[in-house]
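Student: Submitted below is the structure of interest, expressed as structure tokens.
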Amino acid sequence: MYYPFNSVAASARAGLQATGDVISKRATLPDSNVWEFTYNPAEIGYILISTAMVFIMIPGLGFLYSGLARRKSALSMIWACLMACCVAIFQWYFWGYSLAFSSTATNGFIGNLDNFGLRIILNNDTADSAYPELLFAGFQGMFAAVTAAIIMGGAAERGRLLPAMIFVFVWLTIVYCPIACWIWGPDGWAGIRWGVLDYAGGGPVEIGSGLGGLGYAFVLGSRKEKLMLNFRPHNVSLVTLGTVLLWFGWLGFNGGSALGANLRAVYAVWNSNICAAFGAMAWCLLDFRLEKKWSTVAVCSGIISGLVAATPASGVIPLWASVILGILAGVVCNFATQVKYLVKIDDSFDTFAEHGVAGIIGLIFNALFGADYIIGLDGVTEHEGGWLSHNYKQLYKQIAYIAATCGYTFFMTVLICYVINYIPGCQLRSSEEAEFRGMDEDQIGEFAYDYVEVRRDYLAWTPPTANCMENTQPDRTTYHVAENSTPTEMGSANEEEK
């Protein structure tokens, strides 16, 4: 019998009791009788640590996006990622978990509100539960938070923050929760009924964030071309720091999706590292052929594309297949960064190329290289695997799931954005003047670097000369350019004025 990877049913229904000591406790729960239940402390400890590791990915994304942005919008990206996390946690507690994982829903597409506000969650535990469902709900909540933070890359340097947070709440409710229910819900049409292989979130997390970010950027429109002169990441050290935090958190993301300290978790961690390493080398070599330089940003991009590809596949495919997956993800995602120019969508930080495309590759690899013996390493899950296990029909199931997830995500994201955009006071995009000043000044009023203010004060006045001793007022033209631009932008603006 097949169980969804990230379902409490994987432990509770199968009656799996891991070896070792167990915690035995008697509890009186609201609206229930007194009964005894047991938990495995090793399972609880491992999932708790994995939950904390996934959370580290949120500030990691903030640092990554901040480093990729221009100096004048650096702090706004950190704010957007952290606040998206806060909104996601509230949404998940409020009704998100219930819409995705309520055990009484039977339609296969979306849950109900039986667990609204995480009510009666403890009542779902049984004497066979290795860990409480409340812990599982927290672990899955971090997945939703990471997905919301990734989408914020589509709002870079031009998106207003308050409407973006409204979007996050609505998007998680209408897009993320249904897709999570499809693949992980107790009666999801993709996971339970079809047996689609998606280990840790190639659909809801990676395709959801990649296509969601692309749809958000589509509605926002492109950044002003005259402000894009000499554009480059303002702080590659922050990009590197963010990537390292993401890599660390991803080991909890993929390893913890085995929902226990078992051999499948070990396999998932190894597959994740292999994909990341080979993805980094492939991407870096491709960029070297053009620039003849060993780009640090290229290394970071390759690492992320490899980890994304490993997300749906790390608990499904053998180790040697991860070598192929990492190389292919690095190469394909590198070329996929050019898609935004073909479709004329300013996907600022390539969320579609690095998350959407890599997630699709990982899901297809499950059909080709999925092995039944690896899927069963957790001692619970049973599945026929993919082509490697002679289950050839798995390919069309994976492709159908990919098509449904991509189409639903992009269409609903664009629809949600247009609806929010027409609400008075909730326009998603900032004004051209605000974009010129930078999102830090327009939306936050704080700055990532103190010297920005020093530079502005210093360049806000024109030293007096013999011809202008009587006029001591600041030169507003000089002030305007200096206040709103980085040094490279100042040179470009002065050239335009000339």
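Each residue, glycine too, has its Cβ placed from N, Cα and C.
Not measured: the values here are computed from a predicted model.
Straight from TrEMBL, here's the annotation block:
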DOMAIN    47-449  domain 'Ammonium transporter AmtB-like'
TRANSMEM  44-65  transmembrane segment
TRANSMEM  77-95  transmembrane segment
TRANSMEM  134-154  transmembrane segment
TRANSMEM  161-185  transmembrane segment
TRANSMEM  205-222  transmembrane segment
TRANSMEM  234-253  transmembrane segment
TRANSMEM  265-286  transmembrane segment
TRANSMEM  293-311  transmembrane segment
TRANSMEM  317-336  transmembrane segment
TRANSMEM  357-375  transmembrane segment
TRANSMEM  395-420  transmembrane segment
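I'd like these features described in context: how deep, what's nearby, how far apart.
Tutor: Model confidence over the domain 'Ammonium transporter AmtB-like' (47-449) stands at 94, taken as the mean pLDDT rounded to a whole number.
Tertiary neighbourhood of the transmembrane segment (134-154): same-chain residues 6, 8, 44, 47-48, 50-51, 54-55, 57-58, 61-62, 65, 77, 80-81, 84-85, 87-89, 91-93, 96-97, 100-101, 118, 121-122, 164, 168, 171-172, 176, 180, 184, 201, 204-205, 208-210, 212-217, 220, 253, 256, 259, 347-351, 355, selected by CB-CB distance under 8 Å and a gap of 6+ residues from either end.
Panel annotation: around the transmembrane segment (234-253), residues 49-57, 59-71, 74, 143, 146, 200-201, 269, 272-273, 276, 296-297, 299-300, 303-304, 307, 310-311, 486 of the same chain, lying at least six beyond its termini, place a Cβ under 8 Å from a Cβ of the stretch.
Under 8 Å from some Cβ of the transmembrane segment (265-286) lie the Cβ atoms of residues 46, 199-200, 247, 250-251, 254-258, 294-295, 298-307, 309-310, 313-315, 317, 319, 322-323, 325-327, 329-331, 333-334, 374, 377-378, all in the same chain and six or more residues away from its ends.
Tertiary proximity for the transmembrane segment (357-375) is limited to same-chain residues at least six positions away from its ends with a CB under 8 Å from its CB atoms, namely 197-199, 202-203, 205-207, 210, 264, 267, 305-306, 308-313, 315-318, 321, 324-325, 328-329, 332-333, 336, 381-389, 391, 394-395, 397-399, 401-402, 406.
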Student: How about long-range neighbours of the transmembrane segment (293-311): same chain, 6 or more residues beyond its ends, C-beta under 8 Å?
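Tutor: Result: 64, 68, 199-202, 205-206, 233, 236, 239-240, 242-243, 246-247, 250, 253-254, 268, 271-272, 274-284, 286-287, 322, 325-326, 328-330, 333-334, 350, 353-355, 357-359, 361-362, 365.
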